[in-house]
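The feature active site, nucleophile is assigned by TrEMBL to D31. The active site, proton donor/acceptor feature in TrEMBL is assigned to D33. As annotated by TrEMBL, Mg(2+) 1 binding site applies to D31, D33, T251. According to TrEMBL, the alpha-D-mannose 1-phosphate binding site annotation covers R151, S202, D204. The Mg(2+) 2 binding site feature in TrEMBL is assigned to D235.
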Amino acid sequence: MTVPAAVTIPRSWEQADIDAMCTTVRVVAFDLDSTLARSKMRMTEGMGRRLAALTHLTTVAIVSGGRFAQFKEQVLDVLDGLDIATDRSRLHLMPTSGTRYFRWGGDNWECVYAHDLSARDRAAAVASLERHAKELGIWEEHPWGHRVEDRGSQITFSALGQQAPVEQKEAWDPSNRKKNALAAAVAADLPHLQVRSGGSTSVDISERGIDKAYAVRELASILQVEVNEIIFIGDRMDPDGNDYPAALAGTMPIRVANPDDTIAVADRIIAQLSPTVH
């Protein structure tokens, strides 16, 4: 399969032809932070209701840089608290940028695969992140929690700390300039690894070739669908962002700016896929 060097993505979801996408879609995939929920926060009940509704209309996937524990806290716990059921058999979870894959086994969420980094690569990634963050002046003296998190299959740098208030995180680097500079510097140190600008304050490092493009290809293979039958919704669809590889892989990309946009997109998709429309 030939992968394009670049792909043009509408700057707003309102410019995307969602109605046309829904004529061929077989999977709707979402990023998590700043897409389904604000950074590190639980998604709203309203978002949960839409996600649950989608599982009764099509297959749904979540592909994010966060750990499975974040998926549970931000998404699964919300779904479990709703008064409407979620079809878990049609919900697929791909934490740490698709380096791990979980599906519902009937009683619990089962890990199907995990691509963990070696101890040597994890140590090199941590050292490079700290050195370049200090050189670039973005190693905060008083972070909220740990700046660097070892997720096994992914090393994640959070400039303000893992527990930083969401308002502080969203205001820290709205242009993505700081994250992109750090990602470029670390990538030069670690050419054999994948380095991507991630969420509002984060940079993610994983095994080369294991990113959201890999995730959607694996998902397509597992579900026996084509990649171009997957809608992928994310906030980092810029060429330096960690959602962009999913677009390059051939999905139908929809760029959102925040969870409010995602709710509007989900409503449009639900309306198109609901039997009453046809």
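Every residue, even glycine, has its Cβ placed from backbone N, Cα and C.
Positions of TrEMBL features highlighted on the structure.
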| residue | record | contacts (Cβ under 8 Å, 6+ apart) |
| --- | --- | --- |
| D31 | active site, nucleophile | I62, V63, S64, F232, I233, G234, D235, R236, D243 |
| D33 | active site, proton donor/acceptor | S39, K40, S64, G65, G66, G199, S200, D235 |
| R151 | alpha-D-mannose 1-phosphate binding site | R67, P95, T96 |
| S202 | alpha-D-mannose 1-phosphate binding site | G65, T156, F157, S158, A159, K179 |
| D204 | alpha-D-mannose 1-phosphate binding site | G65, T96, S97, Q154, I155, T156, F157, V195, R196, G198, N242 |
| T251 | Mg(2+) 1 binding site | A29, V216, V227, N228, I230, I231, F232 |
Env. residues of alpha-D-mannose 1-phosphate site, Cβ within 8 Å of mean position of R151, S202, D204 Cβ:
G65, G66, T96, S97, E149, Q154, I155, T156, F157, S158, G198, G199, V203, I205
Quick check: in three-state DSSP terms, what is R151 (alpha-D-mannose 1-phosphate binding site)?
coil
Local backbone state of the residue listed as 'Mg(2+) 2 binding site', from DSSP in three classes:
coil
